[in-house]
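What TrEMBL records for this protein:
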type	residues	note
BINDING	B:Asp29, B:His30, B:Gly31, B:Lys32, B:Ser33, B:Thr34, B:Asn148, B:Lys149, B:Ile150, B:Asp151	GTP binding site
DOMAIN	B:17-201	domain 'Tr-type G'
Amino acid sequence: MPSALPDGEPVPADGALPASALAGAADRPLGFYLHVPYCATRCGYCDFNTYTATELRGTGGVLASRDNYADTLVDEVRLARKVLGDDPREVRTVFVGGGTPTLLAAGDLVRMLGAIRDEFGLAPDAEITTEANPESVDPAYLATLREGGFNRISFGMQSAKQHVLKILDRTHTPGRPEACVAEARAAGFDHVNLDLIYGTPGESDDDWRASLDAALGAGPDHVSAYALIVEEGTQLARRIRRGEVPMTDDDVHADRYLIAEETLAAAGFDWYEVSNWATSDAGRCLHNELYWRGADWWGAGPGAHSHVGGVRWWNVKHPGAYAGALAAGKSPGAGREVLTDEDRRVERILLELRLREGVPLSLLREAGLAAARRALSEGLLEEGPYEAGSAVLTLRGRLLADAVVRDLVD
Amino acid sequence: MPAIPSHVPEPSRTDPALIRNFCIIAHIDHGKSTLADRMLQLTGVVEQRQMRAQYLDRMDIERERGITIKSQAVRLPWAPSHDEGTTHILNMIDTPGHVDFTYEVSRSLAACEGTILLVDAAQGIEAQTLANLYLAMENDLTIIPVLNKIDLPAAQPEKFAEELANLVGCDPDDVLKVSAKTGLGVDALLDKVVADIPAPVGVKDAPARAMIFDSVYDSYRGVVTYVRVIDGQLNKRERIRMMSTGATHELLEIGTNSPEMLAADGLGVGEVGYLITGVKDVRQSKVGDTVTSQHKGAEEALGGYKDPRPMVFSGLYPLDGSDYPLLREALDKLQLNDAALVYEPETSAALGFGFRVGFLGLLHLDVIRERLEREFNLDLIATAPNVVYRVVMEDGSEHTVTNPSEFPEGKIDEVYEPVVRATILAPTEFIGAIMELCQTRRGTLLGMDYLSEDRVEIRYTLPLAEIVFDFFDQLKSKTRGYASLDYEPTGEQTSSLVKVDILLHGDKVDAFSAITHKDQAYAYGVRLVAKLKELIPRQAFEVPVQAAIGSRVIARETIRAIRKDVLAKCYGGDISRKRKLLEKQKEGKKRMKMVGSVEVPQEAFIAVLSSDDSAGSGKGKK
């Protein structure tokens, strides 16, 4: 999650939700995001809420350490149980992200998952993912995760090129992520993702093609490809400002995206979200789709974001403050917002347009419909789905998704 | 300090032989207002403790910028040292000091028999002062040359006395030397006014004829009209008639200023004072018009009346479209006090609703815009100033063009543009630079005279259009600030003028159209097209930016289509942030003006049109 938290109203000390949030909950899937805010080193491009220290002291002298982190997080899962009350839903997806989740012992991740199983129950076909750093896993680690119930794993590969990894401050050696895929397969993981980043300063079109080829060669069933965003306040932003590394042009990003689409499609991958491709519907990341479809998820951990029934809230960022709140029996929530009907309409357009299924035209008002017709004539929306009542982005439209959204919400 | 005179003659009963009507011609900063302050003190009309600097300048802007926009008249009693028993009446008429107000100056001069030519002893005479001096000479006024600020270390009284003597045609020893700041020599100056300036001459028993030389709107009293009675007498409570319009009004009050308004029974031959009729708009009481009695009034008006004619036009648009009614109200209010201000609603496809506003000149434009922004809290876009063109078509029809976008299409026979006679005074070392500048601005040299060994007067005929576009700034920078400029309209000339249109994605943008000489059209087109390419963000499609004369494209740039406008990542479920980003982008989009299908940021218009960095600046002070 990003370094800055939004403004919002305060979260009650017990974390209670307004009654409206739980109305009709049974019809919506429920997921859990578990944030692990630790990294061995800080990457120059990263503005997520993560810390390299292993011990951080919070208010009231509560010690948040990597070693007792799983216990603290389990406390929040129990809080979630209280807040959601008699919500009967089993959990459909769990996603452990970071930071670097695999800096924790595999048993810690399994224990965190176990708390969710104990408090809520897991659906029989639940998708249980963890992110993993290629340098911090080995076959034994992976076997423990698999045995503990994890069935999907996502490796941060980023690039196959040493000089690109260096700019990104990634410490793994080229080839290691591909080896991880094989190890994960051997450990019995059905679904394996590789995360890639394109548009890093110094990366060429051919470097990018090489990264895609290397990723595909390893045989994942899911690939995420993100354009490198230089966030304010990061080391990379400072280096670019000082002129030490060049800024990547938006047109280059567009070119790389087209290369990704072409290469991945040729290898049998279909896009299902602007930055995500999978070999089959089963290979899609269901948890990721919860975000885009406005479903409910509880984000546990420092700085994690949650959404339940039109209420969005976010936790305090600092692991010490986070641990301190839970130790005092309070919600670690830092702020929240209760969405209006119009907010929810706008969000649905904003989020669902990123998906292959698109946005139902019935969500649009008159000006938005006129904008959709314009977008159609400009080749930004697909004709077939439009005739059938949905706004679905074309390849060119995917590259201009934010501009299309700005018009459709009118 | 002399004693306050006794037996002061009262208005309407003052013997014309005791009256002296005079004004002060001076450059901005040469100390006119300070001199007026000293005279108010010396004659005792303002007590010491009430004195404040530049007493007569009313408006804040005037005081701040050190310029006088509105003139006034003050009745000063003075018993000269050579005739202490006789109290004379000195009417001091304060004249505007700037080139834009030449007509008002000429009417003020017409109300006087003499003038003090006040020149800074450290700087010498400036172009505008010289122009007004010539105007005074044409009006047969008695000139009293005076050097001010002789207490300054940098003063060169001998040198500039010589210069003044050459101009006026007197002996350098006859040039008075004063310090308005300390008061040194001011009493001698007042004595000289009594001694040298002729008393007014008029026909006492004739029907009343008074000339309006100023007209000021006061929010409490309505319009206050300043007049100089030429013949006959105006009396309180009679009905008066404005001879240019025939409109009649009741005279609610008549009086003089000392310097506050003081009601009187009337005004007789040669006297100067004010009238209040209850009218609410200075356009009903026009400078130069003749006032007479309704009953047995005069048949023939005094000569010299002219309707004020705007020379420079600019479109004024509120930055925020919802401020349009506010802008209208503000212009209405300013017009109450400014007969020369004309405006009419105008719609621009690019800028929305606004007004095409006519001004006497650039200072006038500057002052009005500043007052609109300051007093009425408006944020404005002012289009680049332009002049009025007369276009004669081959079929004989004629168009008056005050807005470049209205330049007619079709077969044009001749285009006429206004020209001015410009007078530039500068040290001789800058002659080359000045001539080069005037030459590139299509000037024709009329002549050159040396005022003294190292100062020269250069006269040019120049198209007014060349002056409204950053001429003054160029002149200042090429002469290190030493040159001064004056110009007066002298008529029109035919020129090879063309309209350059700017097209965005094939659509003409009215606000960017300009009329230029055909030799400069290409440079203008290239410059503007390049600037727009830089200022307009990339759109979903490729946008050609073209400059064209008619259908002929003379310059072209292309804004490449944007290819990527999407955030790849989802910020770990922080959808609030994503939605807020969208809201922010929507706000930004609102500040865009749609020109056809192209989104143009407000800033692009301001940057391209604003006269801030071209014609507008630096006019106020010197």
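Here the Cβ of each residue, glycine as well, is placed from N, Cα and C on the backbone.
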Find, among the binding-site residues listed as B:Asp29, B:Gly31, B:Asn148, B:Ile150, the one whose Cβ has the highest number of other Cβ atoms within 10 Å in the structure shown.
B:Asn148
Taking all protein chains shown into account, the Cβ-based neighbour count within 10 Å for B:Ser33 (GTP binding site) is 24
In terms of DSSP three-state secondary structure, what is the assignment for B:Asn148 (GTP binding site)?
strand
Reduced to three states, what secondary structure does DSSP give B:Asp29 (GTP binding site)?
coil
Mean per-residue pLDDT computed across the domain 'Tr-type G' (B:17-201)
84
